[in-house]
Every structure is written in C-alpha cells, then in structure tokens.
Amino acid sequence: MNLNSVPAGEKLPNDIYAIIEIPTNSNPIKYEVDKKTGILFVNRFIPTSMFYPCNYGYINHTISLDGDPLDILVPTPYPVLHGSVIRCNPIGVLKMIDESGEDAKIIAMPHQKLLAGYNNNIKNIDDISNLMKSQISHFFEHYKDLEKKKWTKVISWEDVKSAEKEILSSFNRKKTLNI
C-alpha cells in the first residue's frame, strides 16, 4: 500500500482526504506514516495513559508550520483502521503550540455520502458538542505530560473558514517548497 499517491482531496479546501494513522480510542501509541515510503511506523509509546478521542491522521501533499503534513482529526461513530483514507469536509481547526512551535489540527467530518444518517448536520465547529471539544482539548493539553522536554497548549478553536485557509496555506506551502 502506497499512501503517497493519495491526493489531498477531491476539491480543496472543502472536500479533502484524511489518511488515518491512529483510530479513535486507540492505546497511547503514536503511529506515523513515513512520508517517503508510505509505511506506517510506531513513532513512540506515549507514557501518559490516555486514549485518542477521535481518529487522527494527516492531509497528504500539505506541509504545516511545524514541517509535517497538516494534522486532521475525524470524529466517527466507530474507529477507522490505520492507513485508511476517508473523504471529509472540514468544520474547524484547533490551534495549538508545542515545543516545536505552532501546531494546527483540522477537525473534519466524514463526507455526507459516508454517514448514512450519522452526524450529517455538522457543518461548523460550533455544531459538535462541548463535550467532544473538551475531550479533544484535554487530550492534546495532557498527552505529552510525562514526556521530558515536551509540552502543548491549546490556543483556540476556529471556524470552517479558518480551517479552509489553513488547508490551502499548507497545500501551497508544500507546492512552493517542492518537497
């Protein structure tokens, strides 16, 4: 399986593909797809005992300000397997900083055609529950707590327009850097 050939989406910035590295409720293991080979590697075992609150992955052919592909979080009714590609629509962005600098995470819902009635009315970040936002914030504020010299801080939740801008900026950055 070569994930390098997966496009960023059908129609950027509002119809995108998420490549899932870590399913919802996964154990505290950080997986990352090696961008050169497309192979899923164990990045590290996270010492903080926490579960991922939603599917975690990235948007291919993007580079965020931290030098990695743009992160994406996809809440779904069930965990999505490692290495799966899921068509999504962005609904917002979680802005953070960590020991490496600015870190944005796109929040996206599965494309309407995939939902068969689940959550099909969620179009913007304010449409997801406060509980879901709190769970995501709590996870990302604390998952590095037991790792030396690592830290995170949630700055803000922003709307779908900010998410679309972040996606286009990251896509254009990748094209400009030609990497």
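Placed from the backbone N, Cα and C atoms, the Cβ positions cover glycine too.
In the three-state DSSP assignment, the secondary structure recorded for Arg44 (substrate binding site) is strand. What Swiss-Prot records for Lys30, Arg44, Tyr56, Tyr143 is substrate binding site.
Cβ-based neighbour count (10 Å, all protein chains) for Asp71 (Mg(2+) 1 binding site) stands at 24. Under the DSSP three-state reduction, Asp71 (Mg(2+) 1 binding site) is assigned to strand. The feature Mg(2+) 1 binding site is assigned by Swiss-Prot to Asp66, Asp71, Asp103, with sequence analysis given as support.
The Mg(2+) 2 binding site annotation in Swiss-Prot covers Asp71.
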Taking each of the binding-site residues Lys30, Arg44 in turn and counting other Cβ atoms within 10 Å of its Cβ, which one has the fewest?
Arg44
Cα-Cα distance linking Asp103 (Mg(2+) 1 binding site) and Arg44 (substrate binding site), given in Å to the nearest integer:
19
Run through the Cβ atoms and count how many others sit within 10 Å of the one on Asp103 (Mg(2+) 1 binding site).
22
So around the substrate site, Lys30, Arg44, Tyr56, Tyr143 aside, which residues have their CB within 8 A of the centroid of those CB atoms?
Ile22, Pro28, Ile29, Tyr31, Asn43, Ile46, Tyr52
Between the binding-site residues Asp66, Asp71, Asp103, which lies closest to Tyr56 (substrate binding site), Cα to Cα?
Asp71
Per DSSP, three-state class assigned to Tyr143 (substrate binding site):
coil
